[in-house]
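Working notes, beginning with the structure itself.
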Amino acid sequence: MYGHLKKQVSTVMAGFEFLSVKPYTAPSWASYLDPIPSHIVSLAHLPTPIHRWNLPNLPANTEVWLKRDDLSGMQLSGNKVRKLEFLMADAIAESADSVITIGGIQSNHCRATAVAAKYLNLDPFLILRTSKLLVDQDPTLTGNLLVERLIGAHLQLISKEEYSQIGSVTLANLLKEKLINQGRRPYVIPVGGSNSLGTWGYLEAVREIELQIQSGTSNVKFDDIVVACGSGGTIAGLALGSSLSTLKARVHAFSVCDDPDYFHNFVQGLLDGLKAGVSSRDIVHIQNVSVFLKW
């Protein structure tokens, strides 16, 4: 009876932690990284479950398990929210009153950033890439655009050609300068939330997986982790965390855009930004998704 009551009380307390900013302590195996975030804001519903996926016709002695990060929260679902827990905490620490980010017209990252910003009383500004024919048209109310417009996000449409010519960093900085000139205090979050600070989202996810394995009833050990790669931050955190922790699973990434060389170089920049002292090519195997589809 006492144990049941204790569980109820801890669940209620956890409910009140949503949107709270808390001091952050890194896993012991990541304590040498620099810089270590000072705070984290609670945005995700964690831990997300892990369960076996009973696929037919698997090779002998092969099991497939799923880490259900699609259950990390409705509007903030997926891998984006883990990065945003650290990025939004930094925005608050810098006394920002607005957040800028950039992505495709139906970017899940942009939607998640806009919702998180509104939760935290920050004004979201989204630069959305679309076709040249649609730049001057109303962006409609479909998919993620519906959520973004319902919450009052500021949308700026740009053609794919301009995006390629100018670049995401310059586009975000131009908007930042404009807002600063208007007396605003904007905080810029890169494409996919993928910078060295955002990488901590999946370093922390590795600690979560470690704890789930330790507390689980099944004696499972994961040999490989397979994940899609769209901006690089998730695989940087997973690969570094797996190599440093007790997990020691090989990380395989399938790029949905750009090519493996681009992502190896980009991930290397994230690792160098944390003074990790490792080569991206030693800790993650990246392939084009087209190679996988040919199987």
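Cβ atoms are placed via backbone N, Cα and C, with glycine included.
Listed in TrEMBL:
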- Ser107: active site, nucleophile (ACT_SITE)
- 41-277: domain 'Tryptophan synthase beta chain-like PALP' (DOMAIN)
- Lys80: N6-(pyridoxal phosphate)lysine (MOD_RES)
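The Cβ neighbour count for Lys80 (N6-(pyridoxal phosphate)lysine), using a 10 Å radius over every protein chain in view, is 30. A sphere of 10 angstroms centred on the C-beta of Ser107 (active site, nucleophile) encloses 25 other C-beta atoms. In the predicted model, residues of the domain 'Tryptophan synthase beta chain-like PALP' (41-277) average a pLDDT of 94. On the backbone, the CA of Lys80 (N6-(pyridoxal phosphate)lysine) and the CA of Ser107 (active site, nucleophile) stand 11 Å apart.
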